[in-house]
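Q: Handing you a structure now.
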Amino acid sequence: MVTANPPTIAHRKNNEVAPAGGSCRAQRDGGSPGRLQIDSSTVGGGIGKQMSTPSQAEVRRMIAAAGTIVVKVGSSSLTQPSGHLDPDKLDALTAALAQVRLMGARVVLVSSGAIAAGFGPLGFDERPADVATQQATAAVGQGLLMARYEAAFGRFGIRVGQILITAEDTIRATQYRNVERTLDRLLDLGVVPIINENDSLASNEIRFGDNDRLSALVANLVRAEALVLLTDVDALYTAPPAQPGSRRVEYVPNVIDALGDIQVSGSGSKVGTGGMVTKLEAARVAAVSGIPTVLTCASNAGPAMMGDPVGTVFAPVKARGSSRRLWIGFAAEPRGTIVVDAGAAKAIRGGRASLLAAGALDVHGDFSAGDPVWIDDESGTHLARGLAGFDSEEIPQTLGRNTAQLKRFLGDQYAHPLVHRDNLVLV
């Protein structure tokens, strides 16, 4: 079995990793994944509040030295223009990942492509638009995709394991711990876990929505030291590359600041669901988790993991925090809102305070206990996200009541927080 000892920088640098094949392209105006414009002054500066900002060279060295790497690849990087799975692209990517794995790094692959792999064999000319057919296509395509990966990694003596995740599962504590334990054990065994959102079961109401965000959450879950986002664009650009003066952005020291100055139109290629916005959001999630990110095209996978000057790197801006709390904060869109008074808002902003019924004023939306919800102040400003302690229909009768009143009028089962502090994350 291949050992899983974290590699040193010199270890990885002294072993040439071949490019993943294919060719990078600069993003073109009007092409996928969409038009991008950035305020260069913002991208070039800014300091994280929670930790000192490393230099670009330091960030690339962090990536080269990473003992655990999460790599995300999009559908468009694995398919032909017709939408069929491209074996050459998949084999080239696998070769790059396998070489890094054989050098000692623990590798997790978050791979899109189930629907793209399935619609051709099912006789469709293009990706189906309706949810039911997409889910059926994903059920067929996921098996085809995994068979390709198993054969490709098998040529290097590496085993793979499939994990399909839904957001609804992983925001719940028990399922979350199950995913965490399974991934840890697979990595200990030298296996490359291949993760995808379970498109056959995920609903539109509660899902990750794209594998970019999922990859950043998985990176935190497995305590990765690097996140690699692979797409069909070679880097982030200050403007469409065809525009005079446009340049590649090599380094983003604070993606939180930069996000406010980014304008993107377009939703990605015709075989994928993500675009540049979702990749920047993924870089943000990684950054606040203390994880550096590199964004580039799939053919640069090997050099990117080596820390070579390809693509765009994003510096971490905070020290690593609780992975469980990060999942609450980013895993799924809230299903409703609980509005709180000024006193409760102040307590929540202070940190480590549960939301009690006594401080709640109103509730909006239709949700169940355990679903993610917004906690807003009276002006409508989002204060936090959390997991509801009650169904939405149960909350109105508790509003404004203290614990003694809840016990007296409603019973002991209502005398607990609307959102417990362990399930609450400030935004």
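Heads up, the Cβ atoms here are built off N, Cα and C, so glycines get one too.
Heads up, TrEMBL stuff is auto-annotated, nobody curated it.
Taken from TrEMBL, the feature region 'Disordered' covers 1-54. For Lys72, Thr231, Asp232, Thr273, Gly274, Gly275, Met276, Val277, Thr278, Lys279, the entry in TrEMBL reads ATP binding site. Residues or ranges marked as substrate binding site by TrEMBL: Ser112, Asp199, Asn211. Under the heading domain 'PUA', TrEMBL lists 336-419.
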Q: Please give me the CB contact count at 10 A for Asp232 (ATP binding site), counting all chains in the structure.
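A: Excluding its own Cβ, Asp232 (ATP binding site) sees 25 Cβ atoms within 10 Å.
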Q: Roughly how many angstrom lie between the C-alpha atoms of Asp232 (ATP binding site) and Ser112 (substrate binding site)?
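A: If we compare the Cα positions of Asp232 (ATP binding site) and Ser112 (substrate binding site), the gap is 13 Å.
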Q: Cβ neighbours within 10 Å, counted over all protein chains: which one of the binding-site residues Ser112, Thr278 has the most?
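A: That would be Ser112, with the highest Cβ count within 10 Å.
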Q: Quick one: give me the count of other CB atoms within 10 A of the CB of Met276 (ATP binding site).
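A: The answer is 25.
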